[in-house]
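Taken verbatim from TrEMBL:
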- 107, 151, 152, 153, 154: phosphate binding site (BINDING)
- 230, 232: substrate binding site (BINDING)
- 66-317: domain 'Nucleoside phosphorylase' (DOMAIN)
């Protein structure tokens, strides 16, 4: 869907308000942005995704969104956009093609496929956190009701071999706490990192007997780092032993943790704070109890990375009453 002709210069000094009066009735229907300052702003620039309320009618462009699917890389989410396009039978308007809506922002990629947004979130808590603020505000400005957010990604399994799916039941920070902590105005702000348990079970139930993977619901540990923060032995620095690493991962496993990645805790916290139903569906690239290096082939990884997409696609098709 080509939107580029409509999204240049998302905001300037002569802003036209798109906040629709901010009535109490409207607030009860929509996403909980929980920011009274937004109502007093003449316009809102969603800088990193190159959208804004002055030059675009965000309700007209995005008001039909039902599902927001996020993944790490632009290439992966472009692939997912084309995959879900075929899965749901979406036909772009005559003379248009799928287009990266946010390419002029030079940070994230976004593709609109009918009621589905496919968006790249980068790597780590800060990157996905910036995107989540702007995606939540986009849903608010577009007056989207009850969207479902998914993170579709990769992870390291704990006691789970490569190629299998883990759906997050609860996100933990690096200290093993189910919270996202952030210094705000010099003080610690803590929000619970909760995900929708019913949504997780619905997704797990869509796994088919013939699928070449197992699907597990379990806790996810969200690390702030790829190497030391995940107990790896192969970083530039390592000041612990292999026995220390195994003891740590074994402790996590006994606590119900089944995978490690780098975005879950803020994804769970911000979607929960906004009242958005959300799920994290990741494929394991290796079992961390057996090593740290990813030794699968590129062909294997490409096929594995499609597995969460297939599971989420089944849910989307089910909700849209489309046959499999």
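Numbering starts at 1 and runs along the chain as it is shown here.
Placed from the backbone N, Cα and C atoms, the Cβ positions cover glycine too.
Automatic prediction, not curation, is the source of TrEMBL annotations.
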Among 107, 151, 152, 153, 154, listed as contacts of phosphate, what is the widest Cα spread in Å, to the nearest whole number? 20
Nearest-integer angstrom distance between the alpha carbons (Cα) of residue 232 (substrate binding site) and residue 107 (phosphate binding site): 28
Would you kindly give the Cα-Cα distance separating residue 230 (substrate binding site) and residue 151 (phosphate binding site), rounded to the nearest Å? 20
Of all the binding-site residues here, 107, 151, 232, which one's CB has the most other CB atoms within 10 A? 151
Output, ordered by sequence, the same-chain residues six or more apart from residue 152 (phosphate binding site) with a CB under 8 Å from its CB, or 'none'. 69, 70, 71, 76, 80, 281, 282, 308, 309, 312
List the residues of the same chain that sit at least 6 positions away from residue 154 (phosphate binding site) in sequence and have their Cβ under 8 Å from its Cβ, in sequence order, or write 'none'. 72, 261, 282, 283, 284, 285, 304, 305
Using CB atoms and a 10 A radius, I'd like the single residue among the binding-site residues 153, 230 with the highest neighbour count. 153
